[in-house]
Structure formats: C-alpha cells, structure tokens
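J.: Sending over a structure as structure tokens; questions will come in a sec.
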Ligand code: PAF
C-alpha cells in the first residue's frame, strides 16, 4: 500500500500508470468503518487502480468545535485499508497541502439542492464539500468516484457539481451499510453509549415503517406519523423528516407514479446528530 502526503508525489505516481488502467477515487475524511470499506471494495472490484483520500476537510465544518472533535485516526485507518487490500493508494495530505494558505470554500450554485435538509441546518457545508471534491477530482482525474448513499443529498450535489463543472468522471452511489440493529454505519456511532446505540436503531425501523405506509398514504400523512413517533420517544429528538423527489430534493406535493422518492431524517441521540434515508 502506498501512502502519499503531497499532490506532487500522488500525481507523479498516477500519471505513470498504464493509460488502460481504470482509476477510481474514494474520498473520505478518515475514521473509517465498514461503510467506507464497502466503498473501497466496490471500487477495487470495478477498477484496476484505487486511490483513497483521507482528509478532514476544514471548509465543510460550519462549527469549529465540530471540526476539533472530528476523530483523526490515520494509523487505524491505514491498518483497516491495508487489511482490505495491499494494492491501494492512499492520499493523506495536510490542510496546507490542499488549500495552501487560503483555507476557504468556493461558492457554488447547486440550484437549490444545497438549501434544504443538511444545507438548511449546516450553513455553507456543501460549498466546502464541493470545494474539496472538485479539487480532488481535478487532481486525481479518476474515471469513477465512489460515495455512500447515507449522504444521499451530498451524492446528488456532487452529481450536479460534475455536470456544472464538466468534470469527466462517473459518480457511483453505493448502498448504505448498517449495523446488525439497522442503525446506519457512521463514525459518529462511536460517540453513542452502548444503550443509546441500540435505541438509535429506532431511526431505521421507523423509516422502514414509513416506507410501508407511503405505499398507501400521502407524504403529509407519513411525515406527521414519523413526527408523532419521535415525539413519544424519550431519548431521540427529531430534527427533520422530509419526503422528497430524489432528483430535485424538493418535498413531494402530489405523488406521481413516474417519479422516485426518498425519505430523509436527522435525529439527535444524546447530543450526537445522526442522519439516515431510505428509498420509497
Ligand atoms: O462524505 C465525506 O466523508 C466527505 O463529505 C467527503 C465527500 C469525503 C468530502 O470531504
């Protein structure tokens, strides 16, 4: 496994690879878990060369404390990745290497995709994500880049980004990986007490029930039902539940058989913010 810390080392290595190699990028912020490993495994299965970036991107944190609290576990991440495959390339730069002296996000117009849900609660978050993802795509020039559907809004925004910036890459969305209880895998789960971690499985069981109800009931009915379920829960506090069109991410008005919908949820469990979503 090769580990590069500078853009120069990485690009020199990648540009010397055979041009016929399909090149994949898996961008991460480290603190890796089985969800990330599944992205890396899919990338390995579908491409000859895989670059995994590990970089806690400061410009996507609107809260300094959140950034400081973000787990930095480089050695454990490298161990996990080398157990997955010896044949991957790691790019683990410093903030100065990526941003030079200008640690600042660009401003994008994602046509409203960034104004709802996560964007409404985390100001400028998606400008920061766009800035780093664009920088990594332009640096590595992969044929494919892999992102988890757990951050489905992020995935759709990245699709919009590559379309707007005309970056020739295929964006691949990969299914959410869950703990045995159903809780979506996240590095934040480590911050939950064992009891709360078990109780947080309520998020997914409620999404599953919402999916079933959506078969026969309106979106408004299902949203109100989910809100009531969380009102009655002692340990979990609902931040939002939305049912939206998968492409526009706008809340559904009238159900249309030809459109695809998804339910999105954000919940606080003992001060830890968890998100999840489900195809309906
Ligand atoms: O999903 C993440 O871990 C991050 O938002 C990403 C895509 C690696 C950009 O920093």
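Glycine too: its Cβ is placed from the backbone N, Cα and C atoms.
Quick paste from TrEMBL:
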{"type": "BINDING", "residues": "29-36, 148-151, 177, 185-188", "note": "ATP binding site"}
{"type": "ACT_SITE", "residues": "36", "note": "active site, proton donor"}
{"type": "BINDING", "residues": "60", "note": "beta-alanine binding site"}
{"type": "BINDING", "residues": "60, 154", "note": "(R)-pantoate binding site"}
J.: DSSP three-state call for residue 177 (ATP binding site): helix, strand or coil?
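T.: For residue 177 (ATP binding site) - judged by DSSP and reduced to three states - the answer is coil.
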J.: Go through 32, 35, 60, 154, 177, the listed binding-site residues, and name the one with the sparsest Cβ surroundings, counting other Cβ atoms within 10 Å.
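T.: Each of the binding-site residues 32, 35, 60, 154, 177 was scored; lowest Cβ tally within 10 Å is 177.
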J.: Running a distance check here. Ligand 1 versus the recorded positions 29, 32, 36, 149, 177, 187: which have CB less than 6 Å from one of its atoms?
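T.: The recorded positions passing the 6 Å Cβ test are 29.
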J.: If you measure from the Cα of residue 177 (ATP binding site), which of the recorded positions 36, 60, 154 is the nearest?
T.: 36
J.: Mind giving me a neighbour count for residue 29 (ATP binding site)? Other Cβ atoms within 10 Å of its Cβ, every protein chain shown.
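T.: Result for residue 29 (ATP binding site): 19 neighbouring Cβ atoms inside 10 Å.
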J.: Please list residues from the chain of residue 187 (ATP binding site) whose Cβ is under 8 angstroms from its Cβ, counting only those at least six apart in sequence.
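T.: Listed in sequence order: 31, 32, 33, 71.
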J.: Tell me the coarse DSSP state (helix, strand, coil) of residue 29 (ATP binding site).
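T.: Its secondary structure by DSSP: coil.
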J.: Take the C-alpha atoms of the residue listed as 'beta-alanine binding site' and residue 29 (ATP binding site) and report the distance between them in angstrom, rounded.
T.: 11
J.: Relative to the Cβ position of the residue listed as 'active site, proton donor', how many further Cβ atoms are located within 10 Å?
T.: 26
J.: Tell me the Cβ neighbour count for residue 149 (ATP binding site), meaning other Cβ atoms within 10 Å of its Cβ, over all protein chains shown.
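T.: For residue 149 (ATP binding site), the count of other Cβ atoms within 10 Å is 18.
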J.: Can you tell me the CA-to-CA distance separating residue 36 (active site, proton donor) and residue 29 (ATP binding site), as a whole number of Å?
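T.: That comes out at 10 Å between the alpha carbons.
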J.: Sort residue 154 ((R)-pantoate binding site) into helix, strand or coil using the DSSP assignment.
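T.: The residue in question, residue 154 ((R)-pantoate binding site), is helix (DSSP, three-state).
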J.: Just the number: how many Å between the Cα atoms of residue 154 ((R)-pantoate binding site) and residue 29 (ATP binding site)?
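T.: About 14 Å separates the two Cα atoms.
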